[in-house]
Amino acid sequence: MVGRGGLTRTVRTARLSDIEDEANRSQIEARADATPPGQNVVREQNANVQVQDHETWRHMLESFMKMKPPKFNGSADSEDWKENVENLLDAMDYTQVQKQRLAILCLIGDASLWWKSVTRGENAHNITWEEFCRRFDLRFFPPSLRQAKARKFLTLKQGSMTVLQYETQFTRLARLATHMHLDEFQMARQFEEGLHDELRLLVKGSFCQSLREVSDLSTYLEQDIKEHSELDDTTNSVCNAKEKEVKDQSPHKKPRTETSSYSGTIEQKPFLGKCYRCGSTGHKELTCKVELSDKENKRFTGKCFRCGRAGHKESTCQTVLPVQEVKPKEQSH
């Protein structure tokens, strides 16, 4: 039989074992209860971040599309497209990666296929705007084309453009000639060389030190020349109109004139005598257009006793002769 003391020790040992088991179970349950909540918090935080990122991206996308960015299919001017898109992106507070992600949404057709091919096998979402521009230029604006446009910059002329249009084209091409390292003074001289002859001669004497100065002066002179030209045209139009008005209001035409033996001209008076052919007044025989019968057309073939000329008689003689040339009448005996 087990004594009373031994029984007591056995009971105590059993109780300690139960207490340890209970403690172990409590710790395990505590750890089990503590771990899942922690993992759930992380998962919830990640989910919240994803939701926030999605909302932020959706907001950026809506804002960007509201600005109506230009599309690029690979055939348009690549530099113009890239500059226009970059201006829109710079207007917003986007990161370099966000700029790239928004820009590729504007690629369509062949340009979109090109981007998918060059980014195959890599995470395109992590590509920066600078890297995108580098790859874009290699494909759509290679060094050969860049050099050709740089040469165009050196030979650019104003032509039919206004000064403002010429400056825009000049500045655009100047970006492609950065390898020439032209300073402000040299840029001003290059700009002058392309101006119209009239403007260039006026601008050169001003010794402008920068592109901005020479452009502003050229614009002012161009406008001044235009205003003076319009004023001259208006003045000439007014003068011509007044001259025409005076001519239209004149009641008589200028009389016909004929040259005489005297210096200068004299007015030709209307002929008041009779025609030797038909006998009518107001014209001479040489200009007579009256149709006469053969009988009526019979002319006097004798000579005039007054002037001695044939074809008319003294009674119809219209010849004006000096007094001394008048022949005396022959007296019949």
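One is the number of the first residue shown, and numbering goes on along the chain from there.
Cβ coordinates come from backbone N, Cα and C, glycine included.
No curator has checked TrEMBL annotations; they are predicted automatically.
These features come from TrEMBL:
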COMPBIAS  18-32  compositional bias 'Basic and acidic residues'
REGION    18-39  region 'Disordered'
REGION    232-263  region 'Disordered'
COMPBIAS  241-251  compositional bias 'Basic and acidic residues'
DOMAIN    274-289  domain 'CCHC-type'
DOMAIN    303-317  domain 'CCHC-type'
PLDDT averaged over every residue in the domain 'CCHC-type' (303-317): 76
Secondary structure content of the domain 'CCHC-type' (274-289), with strand meaning DSSP E or B: 3 helix, 2 strand, 11 coil
